[in-house]
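Have a look at the structure below before the remarks.
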Amino acid sequence: MGELKLCCLGVSHKTAPVEVREKFSFKNEDLERNLLKLNSFHSIDEIFILSTCNRVEIYFTTRSETPFKELIDFLIEEKNSSLDEINRHFYRKIDKNAVRHGFYVASSLDSMVVGEPQIVGQFKDAFSLAKDLGTVGTVLCRFCETALKVSKRVRTETGISRNAVSISFAAVELAKKIFGSLNGKNVAIIGAGEMAELAVKHLIANGVSDVFVVNRTFERAQKLAEEFGGKPFPLTELSSVLKVSDIVISSTGAPGYVLTTENVLPSIKERSNRPMFLIDIAVPRDIDPSLNNYENLYVYDIDDLQQVVEANIRERLKEAETAKKIIEGYVERFLKWMRELEIAPLIAELKERAEAIRLEVLSKRLKKLNLTPEQEEEVNNITRIIINKLLHQPITNVKRKAVEDESKSQIVQVFREIFGLGKE
């Protein structure tokens with residue numbers, strides 16, 4: 001029997017295109033079946049699977065000298081794959097590399113967007129399912145609990161999740177810089193489009209008051225307004241909408257400018273020069289960029305928003321370096337615990353053996369000594385102290401060597417032979 005190892009076999013957005021990740025993903029309906037099947041394999045002691053849009057990772061513990069073989073054979077058959085395909089796209093990590101990688105994943109350092117929050121919930125769900133099915137035990141439970149603890153600390157103590165890293169969030173961030181609080185502000189959306197609609201949803205979540213939906217097709221305006229709990233308007237009523245709108249998001253894809261000096265400047269006058277934030281998410285652009293030259297008008301197009309996003313991503317990557325230092329401490333502590341775990345049963349057996357010998361000798365000798373109860377208790381205490389002092393140094397040394405030395409299986413074997421403990 002080999003050493004206990006914690007391993008990870010995985011594929012992610014860094015190593016494979018989406019069509020490969022889709023092929024190896026585990027859907028909800030077959031994840032449970034496959035977890036139970038894999039847990040029954042001879043080489044696998046504990047296992048859980050993290051399967052998301054961007055990654056499929058299988059974490060497991062084993063004592064096999066060829067830890068990945070059974071798992072790879074399973075994937076070749078279950079996913080109609082080949083060894084060549086797996087070798088091209090999958091990574092194999094053992095012990096320190098596997099632990100560090102798992103902590104990076106849970107802390108979103110390995111995500112497509114560093115700092116994104118979804119991975120924490122996905123990690124929790126994967127762990128929860130494996131726990132419910134009984135496919136994780138002492139080691140992987142400790143590993144997952146530590147990973148989630150690390151993730152929480154990283155998010156609390158670094159700025160890795162701060163600042164917008166999507167166009168829609170960047171729009172909200174800029175709106176807050178202009179207006180401060182968004183409570184009571186009105187937003188108008190002109191046209192349609194996924195980014196524009198996302199931005200409106202984020203603005204609503206941040207307290208905007210009314211949502212006005214303007215569209216060339218009134219039926220489309222009605223449908224969107226219903227989705228946002230807003231009010232629909234045809235494009236012919238754009239000027240009246242602008243007069244009461246603090247934030248305007250335009251995404252029509254029209255061939256010319258939709259918002260110009262002709263329809264915006266009169267609205268600003270009627271607003272008593274209160275600021276208006278114009279967000280242009282259309283390509284070609286909907287908003288005349290010359291409007292930015294006028295007082296109380298703030299115009300941002302998709303390139304401006306992208307620059308904000310890129311600056312924020314750079315900030316997150318800086319914070320990721322701080323996060324890595326936090327994670328490294330947890331990696332070392334987990335590995336130390338895992339190595340001590342390997343030697344712990346032998347230490348317990350040695351102590352039990354020593355105590356059994358002590359009690360056996362005392363039970364024979366005390367009867368002959370005719371001691372008082374107080375004297376018997378004193379002899380008991382003295383012999384306990386002798387045993388503890390005698391065992392303290394070898395136990396301390398073997399713990400230290402098990403933690404420090406890579407060949408801990410040899411140390412365990414020597415410890416067994418010296419004290420006549422257990423069996424392989």
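In case you wondered, yes, glycine gets a Cβ from its N, Cα and C as well.
TrEMBL entries are annotated by machine, without manual review.
Noted in TrEMBL for the protein shown:
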{"type": "DOMAIN", "residues": "9-158", "note": "domain 'Glutamyl-tRNA reductase N-terminal'"}
{"type": "BINDING", "residues": "Thr52, Cys53, Asn54, Arg55, Ser111, Glu116, Pro117, Gln118, Gln122", "note": "substrate binding site"}
{"type": "ACT_SITE", "residues": "Cys53", "note": "active site, nucleophile"}
{"type": "SITE", "residues": "His101", "note": "site 'Important for activity'"}
{"type": "DOMAIN", "residues": "173-308", "note": "domain 'Quinate/shikimate 5-dehydrogenase/glutamyl-tRNA reductase'"}
{"type": "BINDING", "residues": "Gly191, Ala192, Gly193, Glu194, Met195, Ala196", "note": "NADP(+) binding site"}
{"type": "DOMAIN", "residues": "323-421", "note": "domain 'Tetrapyrrole biosynthesis glutamyl-tRNA reductase dimerisation'"}
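For the NADP(+) site, the Cβ centre of Gly191, Ala192, Gly193, Glu194, Met195, Ala196 serves as reference, and the other residues of the chain with Cβ at most 8 Å from it are Ile189, Glu197, Ile249, Ser251, Ile281. Looking only at other Cβ atoms within 10 Å, the busiest spot among the binding-site residues Ala192, Met195, Ala196 turns out to be Ala196. Shown in sequence order, Ser108, Met112, Ile119 are the same-chain residues outside Thr52, Cys53, Asn54, Arg55, Ser111, Glu116, Pro117, Gln118, Gln122 whose Cβ sits within 8 Å of the Cβ centre of the substrate site. The two recorded residues, Met195 (NADP(+) binding site) and Pro117 (substrate binding site), have Cα atoms 19 Å apart. Taking all protein chains in view, 12 other C-beta atoms sit within 10 angstroms of the C-beta of Pro117 (substrate binding site).
Minimal Cβ crowding within 10 Å, among the binding-site residues Asn54, Gln122, is found at Gln122.
Each of the binding-site residues Gly191, Gly193 was scored by the other Cβ atoms within 10 Å of its Cβ; the lowest score goes to Gly193. Across the structure, the residue listed as 'active site, nucleophile' and Ser111 (substrate binding site) are spaced 11 Å apart at their Cα atoms. Gly191 (NADP(+) binding site) and Ser111 (substrate binding site) are 32 Å apart (CA-CA, integer value).
Using a 10 Å Cβ-Cβ cutoff, Ser111 (substrate binding site) registers 19 neighbours. In the three-state DSSP scheme, Glu194 (NADP(+) binding site) is classed as helix. Looking only at Cα atoms, His101 (site 'Important for activity') sits nearest to Thr52 among the binding-site residues Thr52, Gly191, Ala192, Gly193, Glu194.
In terms of C-alpha distance, the listed binding-site residues Asn54, Pro117, Gln122 place Pro117 closest to Ala196 (NADP(+) binding site). Same-chain residues at least 6 positions away in sequence with a Cβ under 8 Å from that of Thr52 (substrate binding site) are, in sequence order, Gln118, Ile119, Gln122.
In this entry, substrate is bound by Thr52, Cys53, Asn54, Arg55, Ser111, Glu116, Pro117, Gln118, Gln122, whose most widely separated C-alpha atoms sit 15 angstrom apart.
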